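All remarks here apply to the structure that follows.
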Amino acid sequence: MEYFMVPTQKVPSLQHFRKTEKEVIGGLCSLANIPLTPETQRDQERRIRREIANSNERRRMQSINAGFQSLKTLIPHTDGEKLSKAAILQQTAEYIFSLEQEKTRLLQQNTQLKRFIQELSGSSPKRRRAEDKDEGIGSPDIWEDEKAEDLRREMIELRQQLDKERSVRMMLEEQVRSLEAHMYPEKLKVIAQQVQLQQQQEQVRLLHQEKLEREQQQLRTQLLPPPAPTHHPTVIVPAPPPPPSHHINVVTMGPSSVINSVSTSRQNLDTIVQAIQHIEGTQEKQELEEEQRRAVIVKPVRSCPEAPTSDTASDSEASDSDAMDQSREEPSGDGELP
């Protein structure tokens, strides 16, 4: 009877074959949309997890290899020399140690040089100043010149900085305005309307002021005396008795304050009207005076001054003693009223 011994190395190969067979079956079932058994589903999940782990491990190894390559470029080595990862790490550690030693040595040298410079330049500035003073009074002060130059340079730099800041600020303001114009067009419209309203109000106010000034000028021109009659026969006629003539004569003889203030001018007008009514007396008397005035205008220029005397004489006979006094005062020019 013969016995066949199965070697132990073939057992894992059979297990591996069975696993691969199950994976293939699971993949075919997933492709054919066939419901999987629980065992095949577990195998498929394991396969997916294994693939994910393999990809992560691959990435990790790639990053490690890249780090070793960068270290290899940093450390001193000959071109074409092949170095393992352990050799690269060892050489980098040695290189870092040597760099630290070099750093400490340079720091010690730097401190020694600083001390040497301080020892040499400890009393030198005082000696130099004393020597400069001993040389002569008219020697130029170098320190002041250097300070002045430094100040000038600082001023120039500050001006340049200010110009740059101004240009930047103007650019930013323009950008802000453009953004506001894009984002808030309604706000700009409201502002424009407000500006237009303000301009309209200002125009109305100016027109009102101009109107008031024109009215004041008209009042002043009305209150001013007429030009002195010289050559025209119709203008040479003395102040006629009707109300307008008396009004003009009395106001011109009044003070300057009467022309300036409106209230005083009104009071003067009232008093003038009362005086004129008192002088005229009755309506019949006015008609007679108008006829006499027409007769005076028709006469030549030489007979004009005689007309008021005859008129006043006829008026004095018909009027009272008080009215006659007032009529004499007015042609003579003394027409001031209380």
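Note that Cβ sites are derived from N, Cα and C of the backbone, with glycine treated the same way.
Between Lys19, Lys72, Lys147, Swiss-Prot assigns SUMO2 cross-link to Lys147; no such entry appears for the others, which is not proof they lack it. Annotated range for region 'Leucine-zipper 1' in Swiss-Prot, selecting from 100-120, 205-225, 247-267: 100-120.
Just one residue in Lys10, Lys189 has SUMO2 cross-link written against it in Swiss-Prot, and it is Lys189. Checking Ser123, Ser332 against Swiss-Prot, you find phosphoserine recorded for Ser123. Rounded to a whole number, the C-alpha distance linking Lys189 (SUMO2 cross-link) with Lys147 (SUMO2 cross-link) is 56 angstrom.
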